[in-house]
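Per TrEMBL, active site, proton donor is recorded for A:HIS34. Sequence annotations record features per position, and here TrEMBL assigns ATP binding site to A:27-34, A:143-146, A:VAL172, A:180-183. Under the heading (R)-pantoate binding site, TrEMBL lists A:GLN58, A:GLN149. Per TrEMBL, the feature beta-alanine binding site maps to A:GLN58.
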Number of protein chains: 2
Amino acid sequence: MIIIKTVEQLQEIRKNINGTVGFVPTMGALHNGHISLIKKAREENEIVVVSIFVNPTQFLPGEDLDAYPRRTEADKKICEMCKVDYLFMPEISTMYREEEVLIKAPNKSFILEGKSRPGHFDGVLQVVLKLFGIVQPTNAYFGKKDAQQLSLIQQMVKNLFLPINIIACDIVRESDGLALSSRNVYLDETQRKDALLISKSLYSAASLIAKNVFDVNVIKDRIYEVMEKLDVEYVAIVDREFNEIKTIQRGNSIILVVARFGNTRLLDNIWL
Amino acid sequence: MIIIKTVEQLQEIRKNINGTVGFVPTMGALHNGHISLIKKAREENEIVVVSIFVNPTQFLPGEDLDAYPRRTEADKKICEMCKVDYLFMPEISTMYREEEVLIKAPNKSFILEGKSRPGHFDGVLQVVLKLFGIVQPTNAYFGKKDAQQLSLIQQMVKNLFLPINIIACDIVRESDGLALSSRNVYLDETQRKDALLISKSLYSAASLIAKNVFDVNVIKDRIYEVMEKLDVEYVAIVDREFNEIKTIQRGNSIILVVARFGNTRLLDNIWL
């Protein structure tokens, strides 16, 4: 595995690759969720590139940019074990230099996560577009856990006609159901236990739907009931284009949940 | 020459090209300025792609979108004569589909042209980025006449790390000095004669500089003097990053002029 720090070095290497390139952009603190993306990229491509970059432009003032977990040495070992070819770890000053051309996510980015974190998705799209520019991947891998992010990246690729396949990968969970997240490390013991109610509420919704309950209000009530003791930020039921819906459409619905544990926001969702 | 109407068709063709691709994006109504770009692209690349697309997002409300000259049949013949391989002529509904991810030009886009036409450069960058996504050119050719546009496109390519060379091409002029522009057709006989004062003012500035006059105020005074009878919108003297300067720096200065003839704005400039 070759570790790359500069854009120029990676561009030079990329020029000489003719086969398929699988790309997994990350902010590091790699867990089994990331590993599942990397493994999939490894299976489906001749060359695998992983990036680790805690992108400042997607954090709002007061968010956890400085506290965001960094585990560089462990991350390198994981990538090596997963047979990554190139690990790109740029500095902030490598990725951002001056007053820049910016990306503006569409209005639908201002609901849900975008409402809680205005400007967040502009920063996500900006860094993803920069990374796509450098890596020029054939296939790029993103987790379904950040469902709205995934949807906006898919839209950007479509709007800009980029010749890149966006591969959506299933959420990976702890054995007890908690969706993996680099931010889970912020939880204390009680919070960790309570956080289980998030995935429980989604499973409960799924079992209602299995019994042909399709009314979104009924389903939301059940979800709120299960998470009663939590500080729930939102429960939303949307189609794959992130329009809110009133009735579940199998094969085209996503239930999204966010709950707060102190300063930590945990996201989870289920794709129906 | 193959004429292409859909994105999918061009993407499919692009996939199977291994050599260098030269790209000349235009809004049609091709004149000798465009032809010089296409010829240069022809000399320097294995494959040449030209696009003709009057991009609505770079016109402001009330501007000349509907009146903008369209000469499709003549344009096709010109491209054929210039041995263009692929002429891409999409419909608006092919390029724009929905509420989109947008591009935001940096603050320096709000001076000069951007001040007169707020939002104009956002639309320019948006369509250029879309076209780059589809064509994936090795080299893309732009005229120096739209100097600020050229500068912002160069910045976008740099900020997004696109593997594309932006080739800046010299202004082509009528034999009497008027810079070629698709908008020159709007001029009546008197305006056409008066418009000569624009390039005259720039030549006059150049001859002052040749005599080692480097004070920007002195040079501006001369330019305004020559264009006294015109409706001058602005005269600006900037470095190659479009910062206004006080003293001419040879090899790093551009003098920009815009004058109005009724509703027609004519741009000209000289690179020192």
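Cβ atoms are placed via backbone N, Cα and C, with glycine included.
Structural mapping of features recorded in TrEMBL.
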residue: A:MET27; record: ATP binding site; contacts (Cβ under 8 Å, 6+ apart): A:ILE52, A:PHE53, A:VAL54, A:ASN55, A:TYR68, A:SER182
residue: A:LEU30; record: ATP binding site; contacts (Cβ under 8 Å, 6+ apart): A:ILE52, A:ARG71, A:ALA74, A:ASP75, A:ILE78, A:CYS79
residue: A:GLY33; record: ATP binding site; contacts (Cβ under 8 Å, 6+ apart): A:GLY143, A:LYS145, A:ILE171, A:VAL172, A:ALA179, A:LEU180, A:SER181
residue: A:HIS34; record: active site, proton donor; contacts (Cβ under 8 Å, 6+ apart): A:VAL24, A:THR26, A:ILE78, A:GLY143
residue: A:GLN58; record: (R)-pantoate binding site; contacts (Cβ under 8 Å, 6+ apart): A:HIS120, A:PHE121, A:GLY123, A:VAL124, A:GLN126, A:VAL127
residue: A:LYS144; record: ATP binding site; contacts (Cβ under 8 Å, 6+ apart): A:LEU150, A:ALA168, A:CYS169, A:ASP170, A:ILE171, A:ASN269, A:TRP271
residue: A:GLN149; record: (R)-pantoate binding site; contacts (Cβ under 8 Å, 6+ apart): A:GLU113, A:PHE121, A:VAL124, A:PHE142
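The 10 Å shell around the Cβ of A:VAL172 (ATP binding site) contains 17 further Cβ atoms across the protein chains shown.
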